[in-house]
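Encoded as C-alpha cells, the structure appears first; notes follow it.
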Amino acid sequence: MNLISKISPQNRILNRARLIAEEVLKKEEEYEHFSDQELINKSDDIIEYLANNNPLDDKLVEALCIIREVIYRVHNKRAFKVQIIGAIIVYFGDFAEMMTGEGKTLTLVLVAYLNALYKKGVHMVTVNEYLVKVGAEFATPVLNFLNMSVGQITANMNEYEKRNNYNCDITYTTNSELGFDYLRDNMVTNYANKVQRGLWFAIVDEGDSVLIDEARTPLIISGEPQEEIGNYVKADRFVKTLYPQDFTLDPESQSVALTESGVEKAQKFFNTKNYYNFENSDIIHKVTNALRANFTFFNGREYIVKKDDDGEDIIALVDQSTGRIMEGRSYSAGLQQAIQAKEQIKIEPENLTVATITYQSLFRLYKKLAAVSGTAITEAEEFLNIYNMVVVTIPTNKPIKRIDHPDYVFDNKRTKWKYVIADVIRRHENGQPILIGTASVEDSEILHQLLERVNIPHEVLNAKNHAREAEIIACAGEYKAVTIATNMAGRGTDIKLSPESLEAGGLCVIGTERSDSRRIDNQLRGRAGRQGDIGESRFFISMEDTLFSRFATDNLAKADDKLSEDVISTKFFTRLLNNTQKKVESLNYDTRKNLIDYDHVLSNQRELIYKQRDKILISSDNKDILYRMLDSVIDDLIYQSHNKPNEDIIDIKKLIDLATQNIFYDNYLNQDEYYGLKFEQIKTKLKKDCINFFEQKEQLMTPTIFNQILSEIMISNIDEEWTKHLDITSKIREGVNLRAYEQKAPLNIYVEDSDKLFEKLKHNVAWKTVCSIGKINYVHQDYSDLNSEFIVNDNEINENNNSIDFENFNESIPTDQTIQESFDDNQSDNEDDKNNN
C-alpha cells in the first residue's frame with residue numbers, strides 16, 4: 001500500500017467530517033434558543049423519521065446540534081469542533097485517533113446518541129469497570145434528558161440486572177464482560193434467559209488495546225476438569241534437568257524445542273523408545289508447555305504469583321500492553337498448569353473448553369463497528385484489513401507543546417538506572433512532576449528500591465498494586481509527584497497539572513525501556529502535554545533491554561564501538577530502535593493475521609451452531625429438524641446394510657436389526673413389509689415407520705411437552721459434541737505445524753481436518769438425537785441426559801459422509817429480526833414475572 005492510498009481516504013473522511021462540524025457550529029445560536037421540550041420533540045421526530053427506514057445522514061447536523069446543546073445544559077461543557085469531528089468519524093464506522101486529554105468521553109456521548117436514535121441498542125465498550133462507571137455517569141443525565149436510557153454492565157450483576165441494562169438504548173460495558181455474556185447467552189437452555197439483545201453497533205474505547213493487544217487472547221468458558229495433575233509435575237521435573245545444549249530457544253518467536261540430546265533424555269526419563277510416536281502425544285504436549293513455562297514465561301513479566309482471598313498462591317496473568325492483571329483469565333491448553341508446576345504451587349486440573357471466542361471474531365459480528373483511542377495510526381493497515389475501519393487522526397484543539405527529547409542509550413541496565421535516578425533527582429528538586437514508565441513489574445520494583453535509597457517519595461502502580469490505579473494516576477500531576485507505572489500508565493484517567501506543576505515545566509514522562517510497539521511508547525509519551533499543556537518525554541534505553549536481546553542481536557555487535565559507560569544518543573541507535581520496532585510490529589501483525597485465518601474456520605462453525613441452538617430454543621415445533629436428522633440416520637443405516645457397497649442391494653434383515661437396535665429398541669418392526677421393495681421405497685418406508693413411532697411417543701404427552709423434551713435432547717447433544725469439537729480442533733491446531741510430511745500448508749491441513757470433524761459432529765448429533773427419542777417413555781424428568789450410544793460403525797458413517805445441513809439448517813436458522821422479536825417477547829414475559837413476584 002503506497003503513501004497516497006494510505007493518506008487519501010483519511011483526508012477525504014476528515015474533510016467530510018470537518019464540513020459537517022462547521023455546519024453544526026453555525027447553528028449553535030439557533031439551538032441555544034430552543035426550550036428543553038423543543039429539543040426533546042426534535043429528538044423524537046428524528047427517531048420517528050428513522051423508524052420509517054430513512055437514513056440519519058439527512059438529519060445528522062440537526063441531531064448533532066441537539067445533543068451538543070443538551071450536553072451544555074447538563075454539564076456546562078460545549079463540544080469543541082475537534083470533538084464533533086471525532087464523533088462524525090466514529091458515527092460513519094471508522095477509527096478516530098484522539099490525543100490524550102482531548103475529551104473522548106464527551107465525543108463518545110455525541111456518537112452514542114446518534115446511533116441510539118435507531119433504537120437498536122448501542123454498546124459502549126471499554127477496558128475496565130472504572131471507565132464503564134465514569135462513562136455511564138457522564139452520559140446518563142444527558143441521554144435521560146432526551147428520554148433515552150443508559151445502562152452499565154458489571155461482573156457482579158445477576159441475569160435479570162444484566163438483561164435490563166443490555167435492553168437500554170446505550171449500554172456501557174467492558175470488553176471481557178461483553179464477550180463472556182455473548183458466550184453464556186449461547187449456552188442457555190431457555191431462550192428467555194439470554195441477557196443480550198443482539199450485536200448491532202459497538203463503539204470501542206481504547207480500541208487499539210482491545211482490538212490489537214488483546215486480539216490473541218481468546219475468551220474461554222471452561223467445563224469440568226478432565227485429567228490428573230501428576231504429569232504436569234513430571235514434565236516440569238524433566239525440563240529442570242536439561243542443559244542449554246538440550247533445547248533451542250528462538251528469542252524472536254519465543255518458541256522452544258528439544259534438540260537431539262534433549263529427545264534422548266526425554267526417552268530415558270519417560271521410558272519410551274520413540275519420543276515422537278503418536279502414543280506419546282500427551283507427553284510431548286506437556287513437555288512443550290513445561291519448556292515454554294520455564295524458558296519463555298517469567299514471574300513479574302507475563303504473570304505474577306499472588307495470594308487469593310483464601311491466602312493461597314495463584315498465578316495471575318499480566319496484560320503485556322497495559323501491565324494490568326487480567327482478572328479471571330488463565331492460559332489454556334495446559335500452559336497454566338505448567339506454570340503452576342514451575343512455581344510449585346497448587347495445580348488446578350485442566351478444564352475442558354465449552355465455549356470460546358476471540359475479540360477479533362466477537363467484534364466482527366457487529367453490524368457496525370467503530371473505535372476511538374489516543375494511539376492507532378501505526379496499526380492503520382491492520383484496522384483496515386481486519387476490521388474495515390480507516391484510522392483518522394483528529395487535530396488537537398490546542399497545539400501540542402510537549403518536547404519529546406532524543407533517546408538516551410546505554411551499554412547496560414546498571415548504567416541506565418544510574419542515569420534515570422540522577423534525572424529524577426534533578427527534576428524532583430525543581431518540583432516537576434514525573435511519570436516513569438517501566439516494561440515489567442520487576443523493573444518497577446527495582447526502581448522503587450532505588451528511589452527509596454535516595455529518599456525520594458513516590459507511588460508505584462503495577463499489577464501488584466492496581467486497585468488504586470485511578471487514584472495514583474490522578475495525583476501524578478501534582479507538584480513534586482513521582483509516579484512509577486508499568487505500561488498501564490492509567491489509560492482512561494486524566495493527569496491534571498496544578499499551577500505549580502506547570503511553572504515547574506509540566507509533567508515529565510520517563511520511559512525506561514522501548515516496548516515492542518511504537519504505539520505503546522506513544523501512549524506513554526502522550527500522558528504529558530494534554531490539552532496544550534507544556535511537558536517533556538525521554539526514553540532511557542540499554543542494550544540489555546528485551547527489545548534488543550530478543551530482536552536485534554545481529555545488530556548489537558555493530559554497536560560495541562559506539563557505546564561506553566556514558567550516555568550515547570546517536571542517529572545509529574535511533575534508526576536501530578525504529579527498525580527493530582517495525583520488525584516486531586510486522587511479526588506481531590503476521591501472528592494476529594494468522595490467528596484470524598485459523599479462527600475464521602471455527603468462527604463459521606460457531607455461528608452455525610449458535611444459530612441452530614437459537615432456532616431450537618425459539619421454535620414451538622422442532623420435528624422438522626428431527627426429521628432432517630432422521631434422513632441422515634436412515635441413509636447411514638441403509639449404507640451399512642448393503643450387500644455390496646456399490647450396488648442398491650440391501651440386506652433387509654441387517655437393516656431391520658440395526659434400526660431396531662438404534663431406534664425402535666423392543667418395539668416390533670415388521671421386516672416382511674420391506675421385502676420386495678425397491679431401494680428408494682425402502683428408505684421411504686423406514687422413514688414413515690420412524691415418524692409413526694415418534695408420533696406415538698408424542699401422543700403419550702402434549703405437543704408442548706414433546707417439543708420441550710426434544711429441545712432438551714437436541715441442545716444437550718449439540719453442546720456435548722461442540723465441546724468435544726473444540727477440544728479436538730485445538731489440539732490439531734497446536735500440532736499442525738509438525739505435520740510437514742503431508743507437504744501441505746498448515747492452514748490447509750487444519751481446514752480439511754476441522755471440516756471433517758464438523759461433519760462428524762453433525763452426524764453424532766443426529767444419531768444421538770434420533771436414538772434418544774426412541775427411548776422416551778413419558779415421565780416427569782430431565783431428558784437432557786437421555787443420550788444413546790448408537791450401535792453402528794462410526795468409520796462407515798464418516799465414509800458415507802451424508803451431510804446434515806445443519807445444511808438446510810440454513811433454511812431454518814432464524815433471522816436477526818426473528819431473534820429480536822423473540823427476545824422482545826421473552827423480555828415482556830420476564831417483566832411480567834418480575835411484576836407478579
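Glycine residues also receive a Cβ, built from the backbone N, Cα and C atoms like all the rest.
Feature annotation from Swiss-Prot assigns ATP binding site to Gln83, Gly101, Glu102, Gly103, Lys104, Thr105, Asp494; the stated evidence is sequence analysis.
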(request) Can you tell me how spread out the ATP site is, meaning the largest CA to CA distance among Gln83, Gly101, Glu102, Gly103, Lys104, Thr105, Asp494, in Å? (result) 17
(request) Determine the minimum-neighbour residue: among Glu102, Asp494, listed as binding-site residues, which Cβ has the fewest other Cβ atoms within 10 angstroms? (result) Asp494
(request) Give the helix, strand or coil assignment DSSP yields for Lys104 (ATP binding site). (result) helix
(message) Using Cβ atoms only, which residues of the same chain lie under 8 Å from Gln83 (ATP binding site) while being at least 6 residues apart in sequence?
(response) Glu102, Gly103, Leu106, Thr107, Leu110, Asn397
(request) Would you identify the secondary structure of Gln83 (ATP binding site) according to DSSP, in three states? (result) helix
(message) Going by DSSP, is Asp494 (ATP binding site) sitting in a helix, a strand, or coil?
(response) coil
(message) What is the set of residues, excluding Gln83, Gly101, Glu102, Gly103, Lys104, Thr105, Asp494, whose C-beta falls within 8 angstroms of the centroid of the C-beta atoms at the ATP site?
(response) Met98, Thr100, Leu106, Thr107
